[in-house]
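Only one structure is covered here, and it is reproduced in the block below.
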Amino acid sequence: MAPILLNCMGNEHDDYIKTEVHVKNPHLDSMEEDILYHFNLGTKTHDLPRMFGDVKFVCVGGSGNRMRAFAQFMHQELGLLGDVGDIRDICEGTDRYSMYKVGPLLSISHGMGVPSISIMLHELIKLLYHAHCRDVVLFRIGTSGGIGLSPGTVVITDHAVDSFFRPQFEQVVLGKVIVRSTELDEGLAGELLLCSKAFPEQPTVIGHTMCTHDFYEGQGRLDGALCSFSTEEKLEYLSKAYDAGVRNIEMESTVFAAMCRVCDLRAAVVCVTLLDRFQGDQISTPHDVLVEYQQRPQCLVARFIKKSLGLVE
Ligand SMILES: O=P(O)(O)O[C@@H]1C[C@H](O)[C@@H](CO)O1
Ligand SMILES: O=c1cc[nH]c(=O)[nH]1
């Protein structure tokens, strides 16, 4: 069947998105078996098309508990039959990641930072490919530090940028640096912004998200075990980031955007800000407020999913 033109993301290699999830690795098809080691799943040991063939939405976030809670929340939101207490961790044979399936949704934890989410994404994209999934949309739903925004603001990422504010992800492969674009699906970001109108009490913006390789010095914090700069230098850097369009800082968006883009997967990054980094570094917000903040990206993405499934207007 001819590929269907779904959007114009300006991908220099392909102007279309193929509906079936595909991988960009010519070696995979000649392998007799593919062991998804960190998921404790494999093509010979598990019937991946039967287990995952109906997956349409994948939501990823740092913590296993948060992603289990999200799966339970979605079970209710989608009006699925059965007890939420019965939703089990598909990856319980390993403690690297947690994975929950509710209807057409997979909810998976990815740990903290680029290497951790990158390993998870390699295995996730292969899983979707082996399972012959079609028309899958991926979301990273997480937390972040805001720049010039009131805490609790939800940021929908248009471009994930690196610490130099460049919309790219660099990966060292065989001793050479490969540079990949981190542009995300503009249409999807716009649809999410429309969905946010249903939550007038939670401010939502579209902006650049800076992805760093560290929470402390790497994000210009003065409160780590090491600090090599002054308060003035910190504020100057954050102001430069703001002027470049950066509205929040987290630790996974560039590789998430880059890998999804290479595999032509529609993807979005939706993170709530826990604090305004112009005001401080420590996250001192009370626990119950933080819990409510963390639910904001979940509610927004839940609304998008329900809208896509025709469950709400
Ligand atoms: O998905 P989460 O909210 O865990 O992601 C952010 C970025 C880092 O992984 C972590 C730092 O606290 O939170
Ligand atoms: O400041 C923050 C808050 C959450 N996650 C981050 O990476 N940075």
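Glycine is no exception: its Cβ is also placed from the backbone N, Cα and C atoms.
All annotation found in TrEMBL is predicted automatically rather than curated by experts.
According to TrEMBL:
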DOMAIN    56-306  domain 'Nucleoside phosphorylase'
BINDING   Arg96, Arg140, Ile141, Gly142, Thr143  phosphate binding site
BINDING   Gln219, Arg221  substrate binding site
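Annotated features taken from TrEMBL, shown on the structure.
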residue: Arg96; record: phosphate binding site; DSSP class: coil
residue: Arg140; record: phosphate binding site; DSSP class: strand
residue: Gln219; record: substrate binding site; DSSP class: helix
Neighbourhood of ligand 2 - binding-site residues from Arg96, Arg140, Ile141, Gly142, Thr143, Arg221 with Cβ under 6 Å: Thr143
Site of maximum Cβ density within 10 Å, from binding-site residues Arg96, Arg140, Arg221: Arg140
By Cα-Cα distance, the member of binding-site residues Arg96, Arg140, Ile141, Gly142, Thr143 nearest Arg221 (substrate binding site): Thr143
Sequence-ordered binding-site residues from Arg96, Arg140, Ile141, Gly142, Thr143, Gln219 with Cβ under 6 Å of an atom of ligand 1: Gly142, Thr143
Rounded to the nearest Å - Cα separation of Ile141 (phosphate binding site) and Gln219 (substrate binding site): 19
Cα-nearest neighbour of Gln219 (substrate binding site) within the listed binding-site residues, Arg96, Arg140, Gly142, Thr143: Thr143
